Amino acid sequence: MLAVDLLLTLAALATAGQCLLLPGLFRAVTNLMAFGLVMALIWVRLDAPDVALAEAAIGAGITGALLLTALGQLPASQRQLQHVNYRFPHLFIPITIIVLFIGSLVWAAMLSLPKLGLVKEIAATLPYSGAEHAVTAILLNLRGVDTLLEIAVMLCAVAAIWSLQQAIPPPVLAGVNYPGLTTLARWLHPLFLLTFCYFLWQGTHAPGGAFPAGAVLGAGGVLLLLTSNIEWMHQRAYNPLLRWLLSAGLLLFLATALSGFLMTGTLYGLPPPLAGYFIIAIEVATALSIALMLMTFYLFGRPGNWP
Amino acid sequence: MRELLAAGLILLGLPFFIASTLGLLRFHDVYARLHALTKADNVGLGLICLGLALQASSLAVALKILLIWGLILLASSTGATLISTSALQHGPSPLRLDDRDPDAGR
């Protein structure tokens, strides 16, 4: 397996280097997507399937497609912005020194770490957390505040995209007919829904949970959106509903944190007998909210221009 | 016996991947590259998935591996038509037989 690990490391370094150094934004984006896939494989090799799922879905898939669309919006003259006067031999020595310095710092930090990390402490609190899987317990109960802030950051991203421009209608409406795409989106959507439910159900006891589930449902929704099967998102009448749905996950999360405060005295301190129900409620709401936010990224702007 | 069959199928699938990679690197335009990539990848991946499914510990795992192949067949064929439609509209048109091939004889 050492050969596989070495190949993965080389591939990650090569794609990262090409992403940064090659001229042209298109090459940078495609290399970034390849880098995301390689990173997902590396996470699998490190026994972290949760991170691998999130990296593959969000890092490689959704971010890459967003960047490609942004690239398509740029005028042709700006796609070559990356032309820096790059002199390889000139910069080689300082870059090598910095990389070696940072590498040795990281190495020293890793050597000084306690070997087991927090595994023991988490295993001790796992029975009271309401989830059987350590990652779900950490994400939704022990460090639930972090997850709450992540949802808030995603909501801010939606607000930022909406404030930039008006929504762009899907390309199918612009008269371009892509064969097979509509059919594929419709055929695959039941499977996306099934995988979503499977990830949610699996999250309590195995790798899975709200983030991968939301990413899968979001990806299916993006397919439907781009083939203009979801027209209500563009309509003005549904705009308030869309806003409420988008913030529902964060609101429920906040309500949970406050009710934990009222019941136990600490913010987000879920009482152990009820923690399981809270976690399920948060997980479903967060997953739906993540899926919807990922879809609204692909409106490319503020919807509600259609009557 | 099963191990041997699985290893044989996987080994049989590898040349398809090598050939399609060669095609991706060496063919002259988008359409020919797509042709090499999708067709060879589908057969090669099918053989490798069959080999892996034979090695799987249970029927459920084997069926999941075959499902992956089916999904990739759907996605890659649709993706190929999408790329070629887009290339026909915005990019260069396909090379015809009577066009002079700049790489001829190499």
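Note: Cβ is positioned from N, Cα and C throughout, glycine not excepted.
Just so you know, TrEMBL annotations never went through curation; they're auto-generated.
According to TrEMBL, the features are:
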DOMAIN    A:12-75  domain 'MrpA C-terminal/MbhD'
TRANSMEM  A:26-44  transmembrane segment
TRANSMEM  A:51-71  transmembrane segment
TRANSMEM  A:91-113  transmembrane segment
DOMAIN    A:181-289  domain 'Na+/H+ antiporter MnhB subunit-related protein'
TRANSMEM  A:208-230  transmembrane segment
TRANSMEM  A:242-262  transmembrane segment
TRANSMEM  A:274-300  transmembrane segment
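The domain 'Na+/H+ antiporter MnhB subunit-related protein' (A:181-289): residue composition by secondary structure is 89 helix, 1 strand, 19 coil, according to DSSP.
Contact counts against the transmembrane segment (A:208-230), taken as Cβ pairs under 8 Å, peak for A:51-71 among the stretches A:51-71, A:91-113, A:242-262. Below 8 angstroms of C-beta separation, residues 144-145, 147-148, 151-152, 155, 158, 233, 268-271, 278, 281-282, 285-286, 288-290, 292-293, 296, 303 of the same chain, each at least six residues beyond the ends of the transmembrane segment (A:242-262), sit close to that stretch. Averaged across the domain 'MrpA C-terminal/MbhD' (A:12-75), the predicted model reaches a pLDDT of 87.
Broken down by DSSP into helix, strand and coil, the domain 'MrpA C-terminal/MbhD' (A:12-75) contains 56 helix, 0 strand, 8 coil.
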